[in-house]
Amino acid sequence: MRPAGRSNNQVRPVTLTRNYTKHAEGSVLVEFGDTKVLCTASIEEGVPRFLKGQGQGWITAEYGMLPRSTHTRNAREAAKGKQGGRTMEIQRLIARALRAAVDLKALGEFTITLDCDVLQADGGTRTASITGACVALVDALQKLVENGKLKTNPMKGMVAAVSVGIVNGEAVCDLEYVEDSAAETDMNVVMTEDGRIIEVQGTAEGEPFTHEELLILLALARGESNPL
């Protein structure tokens with residue numbers, strides 16, 4: 001029996017509250033069960049130096065966890081003086097996923113920064129961040145259209161992410177912390193709204209997984225990411 005009695009292919013209740021803050025061009029509070037992440041999208045004119053003069057925009061991301069988003073307090077990375085490897089990996093994943101959803105040429109020379117701050121962690125913070133940041137990004141891009149800086153919204157399509165894994169020998173989706181910490185296989189899948197894959201991160205925590213199990217997990221992710 002899974003936590004809260006969920007079936008193996010059932011995601012936790014998902015809530016997306018738009019315009020959660022008033023200053024950012026796009027802001028969303030995304031909730032996957034007890035995992036809560038604040039996602040904001042901020043627009044700046046101009047692009048990084050390596051893109052200047054190329055007539056295209058850029059999307060980048062930052063990710064962080066509040067000190068008491070977890071069971072015990074974790075010091076802020078700013079206080080430590082450096083970002084951890086996990087943080088850098090996740091924020092690069094968020095940025096890659098959302099760049100795949102936008103026509104960067106149509107965006108023009110604007111930079112959009114996606115900030116994903118975990119308020120409460122109960123598994124799946126990176127997948128929740130991608131899903132929430134996508135909605136914040138759509139709203140920010142629409143502001144550029146409404147302000148007359150873009151003719152059309154350069155968003156090519158929506159993106160969502162979901163975690164899947166093998167727990168106690170069974171394939172399950174949207175793992176909570178207690179499942180994630182005990183999973184034999186842990187995988188994060190980022191997909192477009194039409195079911196195409198942007199990125200797959202999969203790790204065997206114990207026993208290696210088979211090709212057949214990989215296909216089962218991808219099918220499970222595809223089935224559950226579309227409603228998101």
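Including glycine, each Cβ sits where the backbone N, Cα and C put it.
If you check Swiss-Prot, you get these features:
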| type | residues | note |
| --- | --- | --- |
| BINDING | Arg86, Gly124, Thr125, Arg126 | phosphate binding site |
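Secondary structure at Gly124 (phosphate binding site), as computed by DSSP, is coil.
Spatially close to Gly124 (phosphate binding site) yet at least six residues away along the chain are Phe32, Thr35, Val162, Ser163, Asp174, Leu175, Glu176, Asp180, judged by Cβ distances under 8 angstroms. For the binding-site residues Arg86, Arg126, counting C-beta atoms within 10 A of each C-beta gives the highest total at Arg126. Residue environment of Thr125 (phosphate binding site) contains 24 other Cβ atoms, counted within 10 Å of its Cβ in all protein chains.
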